[in-house]
Amino acid sequence: MEDLALRPKTLDEYIGQERLKQKLRVYLEAAKARKEPLEHLLLFGPPGLGKTTLAHVIAHELGVNLRVTSGPAIEKPGDLAAILANSLEEGDILFIDEIHRLSRQAEEHLYPAMEDFVMDIVIGQGPAARTIRLELPRFALIGATTRPGLITAPLLSRFGIVEHLEYYTPEELAQGVMRDARLLGVRITEEAALEIGRRSRGTMRVAKRLFRRVRDFAQVEGEEVITRERALEALAALGLDELGLEKRDREILEVLILRFGAGPVGLATLATALSEDPGTLEEVHEPYLIRQGLLKRTPRGRVATELAYRHLGYPPPVGPLLEP
């Protein structure tokens, strides 16, 4: 319930994504002026950047209802038909998270719904089977995905608007922390909020989570104001360093450096050495390490950079293998 209370309701309250918000204001005003539903919108970007929150904001700005579901939850066309025919009114928004995980059968039934607001359902089997056409309310579909490359071309072509969410700056993340603190009645200094923002991996969801944990530490210690010093102590207790690396992130780099001489080493070999699932390593940990310049993916395998050596306090080797 606390997260719902903190969720922004308008584009002005939504922090960050300024270029996207500027375009959305145009799209929303145009739709309202024409008294038409918003064009179908696809939002893509890494997890935790606020795609679901943005869908709620758009619905609130338009004054329409929002129906939230996910790709894996729509297993067959009947599931989709039930949502479209029974849960939506004219102008409402259907939000499908992880839309890249829609089944092929459900996706094919979504095409005419998006284009013509109709859906054909087959009733019965064999010679007695018959097709019923459902007339649907004119709705707007907002799809969200962290894997845009898995969106099929036919589905992608049916979105009138395709937008990318970017990582947040530490300053934007600090603004988010300050906003949550204000709404929760928690006193925190701007310096403390910025330290949280710097360790939040460019992700608002992480910033909100870290703020709640820092608040826990301050509350238990009886602190009335979360200062920079208190925030740093709490963040250190959580195992985060100044780049926001967690214990597991540092272990990945240490194994690369100490066991494999910085690499290159294959994903499967590295995962085995860490007793980690290769998918978790590749999708959860590596993107941030790569973005921070601590790790590289090469045709021969993973390589720790000179920056990784310096961050962990190891003297970098001399040679052409590692690049800063």
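Residue numbers in this text run from 1 along the chain shown.
Backbone N, Cα and C define each Cβ position, glycine as well.
The ATP site recorded in Swiss-Prot includes Leu6, Arg7, Gly48, Lys51, Thr52, Thr53, Glu115, Asp116, Phe117, Arg158, Tyr168, and the single candidate from Arg198, Arg199, Arg201, Arg205 that the record places there is Arg205. With Leu6, Arg7, Gly48, Lys51, Thr52, Thr53, Glu115, Asp116, Phe117, Arg158, Tyr168, Arg205 listed as the residues that bind ATP, the site has a largest C-alpha separation of 37 Å.
Classification of Arg302 (DNA binding site) by DSSP places it within a strand.
With respect to their backbone Cα atoms, Tyr168 (ATP binding site) and Arg297 (DNA binding site) stand 24 Å from each other. Ranking the binding-site residues Thr52, Arg297 by how many other Cβ atoms lie within 10 angstroms of each Cβ puts Arg297 at the bottom.
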